[in-house]
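Taken verbatim from Swiss-Prot:
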| type | residues | note |
| --- | --- | --- |
| BINDING | HIS671, GLU673, HIS686 | Zn(2+) binding site |
| BINDING | GLY990, VAL991, PRO992, GLY993, SER994, GLY995, LYS996, SER997 | ATP binding site |
| DOMAIN | 1469-1580 | domain 'RdRp catalytic' |
| REGION | 241-439 | region 'Y-domain' |
| REGION | 442-509 | region 'Putative protease' |
Amino acid sequence: MEAQQFIKAPGITTAIEQAALAAANSALANAVVVRPFLSRVQTEILINLMQPRQLVFRPEVLWNHPIQRVIHNELEQYCRARAGRCLEVGAHPRSINDNPNVLHRCFLRPVGRDVQRWYSAPTRGPAANCRRSALRGLPPVDRTYCFDGFSRCAFAAETGVALYSLHDLWPADVAEAMARHGMTRLYAALHLPPEVLLPPGTYHTTSYLLIHDGDRAVVTYEGDTSAGYNHDVSILRAWIRTTKIVGDHPLVIERVRAIGCHFVLLLTAAPEPSPMPYVPYPRSTEVYVRSIFGPGGSPSLFPSACSTKSTFHAVPVHIWDRLMLFGATLDDQAFCCSRLMTYLRGISYKVTVGALVANEGWNASEDALTAVITAAYLTICHQRYLRTQAISKGMRRLEVEHAQKFITRLYSWLFEKSGRDYIPGRQLQFYAQCRRWLSAGFHLDPRVLVFDESVPCRCRTFLKKVAGKFCCFMRWLGQECTCFLEPAEGLVGDYGHDNEAYEGSEVDPAEPAHLDVSGTYAVHGRQLEALYRALNVPHDIAARASRLTATVELTASPDRLECRTVLGNKTFRTTVVDGAHLEANGPEQYVLSFDASRQSMGAGSHSLTYELTPAGLQVRISSNGLDCTATFPPGGAPSAAPGEVAAFCSALYRYNRFTQRHSLTGGLWLHPEGLLGIFPPFSPGHIWESANPFCGEGTLYTRTWSTSGFSSDFSPPEAAAPVLAAAPGLPHPTPPVSDIWVLPPPSEESQVDAASVPPAPEPAGLPSSIVLTLPPPLPPVRKPPTPPPSRTRRLLYTYPDGAKVYAGSLFESDCNWLVNASNPGHRPGGGLCHAFYQRFPEAFYPTEFIMREGLAAYTLTPRPIIHAVAPDYRVEQNPKRLEAAYRETCSRRGTAAYPLLGSGIYQVPVSLSFDAWERNHRPGDELYLTEPAAAWFEANKPAQPALTITEDTARTANLALEIDAATDVGRACAGCTISPGIVHYQFTAGVPGSGKSRSIQQGDVDVVVVPTRELRNSWRRRGFAAFTPHTAARVTIGRRVVIDEAPSLPPHLLLLHMQRASSVHLLGDPNQIPAIDFEHAGLVPAIRPELAPTSWWHVTHRCPADVCELIRGAYPKIQTTSRVLRSLFWNEPAIGQKLVFTQAAKAANPGAITVHEAQGATFTETTIIATADARGLIQSSRAHAIVALTRHTEKCVILDAPGLLREVGISDVIVNNFFLAGGEVGHHRPSVIPRGNPDQNLGTLQAFPPSCQISAYHQLAEELGHRPAPVAAVLPPCPELEQGLLYMPQELTVSDSVLVFELTDIVHCRMAAPSQRKAVLSTLVGRYGRRTKLYEAAHSDVRESLARFIPTIGPVQATTCELYELVEAMVEKGQDGSAVLELDLCNRDVSRITFFQKDCNKFTTGETIAHGKVGQGISAWSKTFCALFGPWFRAIEKEILALLPPNIFYGDAYEESVFAAAVSGAGSCMVFENDFSEFDSTQNNFSLGLECVVMEECGMPQWLIRLYHLVRSAWILQAPKESLKGFWKKHSGEPGTLLWNTVWNMAIIAHCYEFRDFRVAAFKGDDSVVLCSDYRQSRNAAALIAGCGLKLKVDYRPIGLYAGVVVAPGLGTLPDVVRFAGRLSEKNWGPGPERAEQLRLAVCDFLRGLTNVAQVCVDVVSRVYGVSPGLVHNLIGMLQTIADGKAHFTETIKPVLDLTNSIIQRVE
């Protein structure tokens, strides 16, 4: 637990300390983890190098080069994070398996040290293939790697990574290689020590030792145990100095990261490299001091150490700076060489004072000390000489200047003016020196080095020019020139959709800066005449519009355009935003798609783009396939005559209305600014600004679509034309190619009016969540598609050309293209089209469409998608159009995944669409079917599926055969090969023990191939010629072959036998153990075929009933003929055949076989032994557990000491605990109460039409006095902790706001914040931390009173019936037995009580904010205790129900109609209600004792009663970050909460009150109601109420409330409409559509109870709450609206009101 008891952190006194603490926490959270073991010196070096990064040392590994590798890993992480999917140059073998994001790796053939690296490379995964090719000299097995080197490889990739692999390549060579790869960015990590800039020698620094021999540089870091870096000095110098490459392949080189002398260089291809000077070593800790004489000695017979001595020595910066400061400031008399030597000796000692380093010191050699003293002395002497000379010469100059006369000064003033470029002292030049003089200096400081050198690339520019003139004579002859002098050119690949080597950039392309288009523009109608023709506007309207002009004021803001159009004396406003709904004159819906960045918008078959040009705003419009371009000049237009404007508007309105009444589909409603605006024909958010708001002329421009305005008389186009011509005021229609009344048919997946077409079936291949129609939200945010965790598709059939038929979701496909079932306008529709729009909204940009042929539209944004258009068979059956729909999708390269086009709302028969796909697809394509279509296909599919062996599969399988042939086991496979081709097969799949093997007859087969020797012997005993896979390679040629357990055979051997046999019949179970890659070479998964079962057998003759239930998740349709009910037993002596999971367990258990070897075998009795080494196998492979559990027919003993099978839900703990608690095998009556739906005999609900949701809730707020709350929740002050011990976290951070998706902003429930930490504390303390009032008294009196309701209970026995009901309830909740543990009370998990805050609040007619009540919580007992006590409590509850009088109703255990009849029969009674306050909190030792008394009556075991008393009397509630240790109380999550709360409620009512004319009583938890004529408090009530601290609130009235219903004597029970509607207002209907659908179904269930009593409910419920009947009437109508799926939701973000200033604690 993160909290400490009663700990208060010391306050932070200053803001500086708070900022420092936050900075320290942030540094630690982002620290670099150092894993190797380091010495003290290595640790100090690493800390200094990695500054300012924080380091965290967690030593766990030993490395040869710890310092370099830590730096390498840090820079590698940076490079890979920036590069994304990339090409890698010279990858280290150990990093191959850890980085699957690499597209291709370039290697060189290993020599020297690289051979050792390859030998130690991983032997599994992708690295195994690379390792095999490197060490054996084999060619690569795939395109993920090569051994051509970076310079000779031509794999196309946009981004590259080179980690310490470019030290042998010049920068110019790298530029040429990048161009060869088509690469634009390369992240290169290089080690560039500054010592390579110095002469040869040996250089000691604080971090490393560098030996420079003139040609090579060898670097070894502190503590290295093997050789270090060895690189060419000249290449390193080039990398240090070069910042750009010029020539044919220009580059810029930028240093983006540096740790010491380790750099990350970003090489970027740039057309014109600019100067990029940089300082490579600004944090260098050494200066290099030159030795004047250098190394001495001469070559001799014996090698001398002098030849390796350096001419420069690395001196710490602090030593040199302090020495120079000391010497330069000495007095002339005190300056001498001996004093300098004394000072240098002093500062070279390291001095520490405690943990503080006072002087860092310097451990130098004799040569270095001598060189430093010499250089320092001579340098200081030179500086002193300059000082002396400067002072003396300066004094003489001053004397001369001040001695000048007036004439000389006047001459200087006239002819020596300074000007702007005057710098004081610049004219003085007393001293000049040469570079080779001693006075030029003796040391080099890397901190001031600046480099900016450009290097030309090595392309043969001159030779290329010569070749262009003299070497291409063949071109003149018409032949192709293959001139060898041509340079390497960068690759320009395909756009990317069919080029496997192409990888797009992860960096968003730079978007062009768009000019602000705001301004005033003049629109002339004659500019848009081409648009009017495209829109099929009648001639007279087009003529009127051409004569008019309009002035448009455009205001642009991010993602929004506002237009104010002035047309004569009328003004219109429109607002362009993405997702705006456009008004239509038909049932078709139009949603505007607007992209401000692209400056485009579109809806339906209309789209436009706009651009600001010098001439004005240029708009390109595409409408119904025709294009129009107009340029609107800036400024205002002449005002049009009001009469002409009015005539134009009236004619346009009549045209829209006529189209609305007579067109089949309609189109856009054309407003005046839609024809005379700058964005025609769009007018989103149309508003007409009129001086008179009641002017009827407004109806000409503003309308709302309704079905009442749509004529149901749909006449054909031929009949519509005469009507149009005869309409008054309308012109004759124009004769365009496509008549305006016959618009394109609606989208295949769109919603269709229910009156015009029958309801369509659910669109094909979609889950229900996709088909949900939601209110139009903002356009969905584009998120990168995440692959599903596991595929659910099911292979149904494979064609000879490789095409496959699946049942499942189209989006699980790996094909290059996805085919969308679109509409002629390619607009976002419903169903599958809507699913495409949700995932890929960019795919519907009309500007990105590529029209190949017909109606199909191809798009590559954001991935390759084909929008295919099938015919609408509701309008016309057109088989040719259906064929063309599929044919138009074949103009592509690559494979495509199809749905069944047209089989959804367009109602094309499945068979026709399937046949069309079968005739018009390409090899390798995939077809995805819905479950109904899959059922049709299963009944009509071809007899035998086909398996296609491609060239790649054959090549990989032959490689596996070669590897097998080299082993002793696989000698029989020598010379065997697999060739590409097609294999037909029959595959019988079935559940374990279904008799697949027994169904094979000897006359039907020649050879049987089995995976194991055990199976081979079993088949041979039956008389079959059976062989293992390797041996069978000699006998399967041309034979009839049966392959048993086919999925477990090595796939290359499976393909070999299938191809060689004359006929092949496969047997197996796809859910059992597949083929295992024992070699870890990666070949098995690469060639594993997808086998489609031709038949499934679901009846097992082997598995007992309990095993079938365990494996039903894998086999939903499994049935058994076995009569054995229970066969699994735990921890009994081993019997029968022993089954283990690993080879180690097999060696430890003589006679055992592994599960893999037992696959396909049958035993009478088995023993499963699970050992600890099989944990990973069992958790990762469900197939191993299935095989182990399905080998026996009678009995299986499970020995699971480590608990491995229990972790995956295979345990008998529930059964053991049941029998331990005294349960017996037996039968009781089921606890399920039969319920039925009310018949519609009156149907009064039909008289309540759907009503407005907003008005209903507003009326409810007015009646109850509730108002919109400014806050989302209230955190009430935390009460004082009166008893117990509270553990709480130190930080009580809370969120400031809550996001809610609700029906209304007026909430009618007590507001709380369930997810807040302070709310959890308040609930814990307020509900369970109050002091319990103990009551010591005998229970006999209360039990005697309780006998009025519950007579004395006889012995009760918990049976397996209750156990079954308990398990059934757990399964319905999605639980398994893994959470039920063995009854070990020392284990905290057995008795843990988990607390969590409830998210639902209580409906109230009072105050919703200032109620001062704490929240509600659930304290859930452990599953172990629930399973232990649950069967007993269920049995006791059944016995109580059997003893109850008929007029006493308990909980929910009754039929509602019976309770209603009992209430209606008590017409002369009043309703007695009792409401408890703090019902759970006031339960104490007395209520617990009464529960134990009842348990004893029932014969429950004493140890179980005492355990229950112990758990209830002292407990710990465990919240996520808090816990409370307390006593007594009642927990809402106990297994018997409802039972014992109801019993305690009955006992209190029976003991405290006496009733006259008692008729009916109902009890449920703390809620109760009694129908009687009068009542009084009994004489014994005061003692019980005072002793237990009960808080009773009695209400006695004619009509009452109980458990969500209204109790009306004489009428019956009625649904509580007000309470239900109030609770709905508090629900969060988001964030997804699933939650909204659940609540909608709950509303439908509630309305079902109102079927016959709606009118009575209005009168009665209004009297209970004191509200008007009209409110209840409106609430019922509002519920009808919600049930119809037409609810309106509001998304609100409200603050949380925090009233908890402090948590009050009581210190014991």
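Including glycine, each Cβ sits where the backbone N, Cα and C put it.
Mapped onto this structure are the features recorded in Swiss-Prot.
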{"residue": "GLU673", "record": "Zn(2+) binding site", "Cβ contacts under 8 Å, 6 or more apart": "ALA550, VAL552, CYS563, THR565, LEU567, PHE572, THR574, SER683, HIS686"}
{"residue": "GLY990", "record": "ATP binding site", "Cβ contacts under 8 Å, 6 or more apart": "LYS996, ASP1069, TRP1096, TRP1097, HIS1098"}
{"residue": "VAL991", "record": "ATP binding site", "Cβ contacts under 8 Å, 6 or more apart": "ASP1069, TRP1097, HIS1098, VAL1099, THR1100, CYS1103, TYR1115, ILE1118"}
{"residue": "PRO992", "record": "ATP binding site", "Cβ contacts under 8 Å, 6 or more apart": "ASP1069, GLN1072, THR1100, ARG1102, CYS1103, ILE1111, ILE1186, VAL1187, THR1190"}
{"residue": "SER994", "record": "ATP binding site", "Cβ contacts under 8 Å, 6 or more apart": "TRP1097, HIS1098, VAL1099, THR1100, HIS1101"}
{"residue": "GLY995", "record": "ATP binding site", "Cβ contacts under 8 Å, 6 or more apart": "TRP1097, HIS1101"}
{"residue": "SER997", "record": "ATP binding site", "Cβ contacts under 8 Å, 6 or more apart": "TRP1019, ASP1044, LEU1067, GLY1160"}
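Under the DSSP three-state reduction, GLU673 (Zn(2+) binding site) is assigned to helix. Cβ neighbours of GLY993 (ATP binding site) (same chain, under 8 Å, six or more residues apart in sequence): THR1100, HIS1101, ARG1102, CYS1103, THR1162, THR1190, THR1193. Under DSSP, the residues of the domain 'RdRp catalytic' (1469-1580) split into helix, strand and coil as follows: 41 helix, 37 strand, 34 coil.
Across all of the region 'Putative protease' (442-509), the predicted model scores a mean pLDDT of 52. In the three-state DSSP reading, GLY990 (ATP binding site) counts as strand. For the binding-site residues HIS671, HIS686, LYS996, counting C-beta atoms within 10 A of each C-beta gives the highest total at HIS671.
Using the Cβ center of GLY990, VAL991, PRO992, GLY993, SER994, GLY995, LYS996, SER997 for ATP, the list of other same-chain residues with Cβ within 8 Å runs, in sequence order, ASP1069, TRP1097, THR1100, HIS1101, ARG1102.
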